[in-house]
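Participant: The signal peptide annotation in TrEMBL covers 1-21. Summarising the annotation, TrEMBL assigns compositional bias 'Low complexity' to 24-37. Annotation source TrEMBL lists region 'Disordered' at 24-46. The domain 'Peptidase A1' annotation in TrEMBL covers 167-502. Per TrEMBL, the feature active site maps to ASP185, ASP386.
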Amino acid sequence: MPASQALLVLVVLMLLQLALSTTSTGTSTSTSTSTATAHHDSVTKAKAKTKTTLYPDFQVLNVKQALTETKTRPMAPSQYQELFKINPNDSESGGKKTLKLVHRDKVSFSSKLHHNHSHVFHARMQRDVKRVAGLVHRLSSGSTAKFEVEDFGSDVVSGMNQGSGEYFVRIGIGSPPRSQYMVIDSGSDIVWVQCKPCTQCYHQTDPLFDPEDSASFMGVSCSSAVCDRVENAGCNSGRCRYQVSYGDGSYTKGTLALETLTFGRTVVRNVAIGCGHSNRGMFVGAAGLLGLGGGSMSFMGQLSGQTGNAFSYCLVSRGTNTNGFLEFGSDAMPVGAAWIPLVRNPRAPSFYYIRLSGLGIGGTKVPISEDAFQLNELGNGGVVMDTGTAVTRFPTVAYEAFRNAFIEQTQNLPRASAVSIFDTCFNLFGFLSVRVPTVSFYFSGGPILTLPANNFLIPVDDAGTFCFAFAPSPSGLSILGNIQQEGIQISVDEANEFVGFGPNIC
C-alpha cells in the first residue's frame with residue numbers, strides 16, 4: 001500500500017476513535033461519587049476499603065431543560081399539602097422514619113415576584129451573603145461572642161423569605177397533631193414554632209399553633225434541666241423563656257415547652273420546643289424551624305437514643321417535579337455510600353465539618369494546598385456542610401485557582417458579564433446543550449464526589465445566562481452549600497462520626 005494511502009487510513013481511524021470518544025462523553029450527564037466504600041454495617045469503619053471508578057473528563061449540561069425549569073410555576077400551598085399525605089403503602093421499617101422534603105421555590109406562599117427567575121435569584125443571593133457573613137463572624141478568631149443557640153440560627157430566618165434556598169418538611173405539632181410547614185437547618189440547634197397568643201407574628205400559611213388546643217403541651221419550669229441547656233434562658237412566672245435573636249433585626253421569643261411531634265405515622269413525645277409568642281422577620285409561609293444541628297437542643301440531639309444519632313437527606317433540585325427526603329434512624333444509613341470522617345469543632349458544635357483535600361476540574365486535581373481546607377487548633381477554617389447556605393464558598397486563593405482551571409477548559413463557551421456574587425458566567429442563549437468539564441471534590445481518605453453539571457453551572461435568568469456556582473469565602477472557612485448538595489443523598493452518622501455521599505439520588 002502506498003505511503004499516502006496508509007497515512008489516509010490512519011487518519012480516518014483516528015477520527016473514528018475521536019468521534020466514539022466524544023459520543024461516550026456526551027451521554028454522561030452526571031455522576032454522584034467515584035468511590036464506593038465498605039458497607040455501613042461495619043460500624044467501626046476505621047479503614048473503610050474503597051473502590052475507585054473512573055469518570056469522563058467532560059459531561060453535558062442540558063441548557064434547554066435548565067431554562068425550562070426556571071419557568072416552572074410554584075405550587076399553591078394546597079397542592080403542596082398533597083405531597084405530604086400519608087400513603088398507607090409506605091413502610092417505616094426498624095428505626096427508619098421518612099419525611100418528604102421540598103425546595104422552598106416549589107411552593108408559592110405569595111402571588112408576587114415568584115415567577116420572575118432573575119428576581120428570585122438575586123434575592124436569594126443577597127440573603128446568602130448575609131448568612132455566610134454571619135457564620136464567618138461567629139467563627140472568626142477575633143470574635144469574643146459566645147457560641148450560643150441563637151448564634152447559628154440567625155441567617156436561617158432571612159433565608160425563609162420568598163424565593164429562598166431553604167427546604168421544607170411538614171410535620172404535626174401537638175395532640176391532636178396540627179400540620180405545619182417547617183424549615184430544616186443542619187446548622188441550627190433549636191426547634192421552634194409560632195404560638196398563640198401572639199403579640200407580634202409574621203404571616204404563615206397554616207393557622208397559628210394554639211397550645212390550649214393541645215393535650216400534650218407542657219410548659220418547662222425555670223428549675224428544669226431542659227431550661228439549663230438553653231443559653232441565656234430567662235424566667236417569667238416560673239416558666240422558662242427563650243429568645244433567639246438575629247443579625248438582621250429578626251427574632252423569636254417565647255416560652256420553652258415539651259410537646260409531641262408527629263412525622264407521618266411516627267409520634268415523638270416530650271420534644272423541647274420554643275413556643276414563639278413574639279416573632280419578627282421575613283419568615284413567609286413557614287411556621288418555624290426544625291434544627292438538625294449537632295447540639296444537645298437540636299431535634300437530633302434530643303432524640304439521639306431513638307434515632308441512633310443518624311439522619312439522611314436528599315435535597316431535591318430546583319424547578320423539578322420530584323421530591324427530596326429526610327430520614328431519621330440508623331436504618332436510614334445506606335449501603336454503598338462513600339463514607340468520610342465527620343469532624344467536630346468545639347467552637348461550633350452545631351455544625352457538621354468534613355475533611356476536603358482538594359478540588360478537580362476535568363478529571364485533573366487543581367494544584368491547591370490541602371492546608372487551605374483544614375480546621376486549625378483555634379477552630380478556624382475547615383469545611384462545613386450547611387443546608388442553609390446556597391452557594392459553596394472556598395478561601396479566596398483556593399477559589400481563584402479552582403475558577404481559573406474551569407475557565408481554562410471552557411474557552412469555547414461565550415462569556416457573559418458577572419452576575420451578583422458570581423464572577424464567571426456564560427451566555428448560552430440558543431444552545432440546546434453544551435459540553436463542560438467535570439467538577440470534583442477530593443475528600444481525605446480517597447473518596448471523590450463528582451457533581452452533576454446542574455450543580456455547578458446554573459441559570460441566573462431565563463435568557464440563557466449561566467454562572468459557575470461557587471464564590472470566594474470572606475475568610476478561611478469553606479462551606480458546602482445546598483446547590484452543590486442537590487440531588488445527592490447525604491447521610492450523617494453522628495454515633496460513628498462519619499458522613500456519607502450517595503449512592504441514591506433524588
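Every residue gets a Cβ built from N, Cα and C, even glycine.
Those TrEMBL annotations? Automatic predictions, nothing curated.
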Participant: Enter the number of other CB atoms within 10 angstroms of the CB of ASP386 (active site).
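Facilitator: For ASP386 (active site), the 10 Å Cβ neighbour count is 25.
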Participant: Distance between ASP386 (active site) and ASP185 (active site) at the Cα atoms, whole Å?
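Facilitator: ASP386 (active site) to ASP185 (active site), Cα-Cα distance: 8 Å.
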Participant: By a simple count, how many Cβ atoms lie within 10 Å of the Cβ of ASP185 (active site), its own Cβ left out?
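Facilitator: ASP185 (active site) is surrounded by 27 other Cβ atoms within 10 Å.
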Participant: For the domain 'Peptidase A1' (167-502), what's the mean pLDDT in this predicted model?
Facilitator: 91
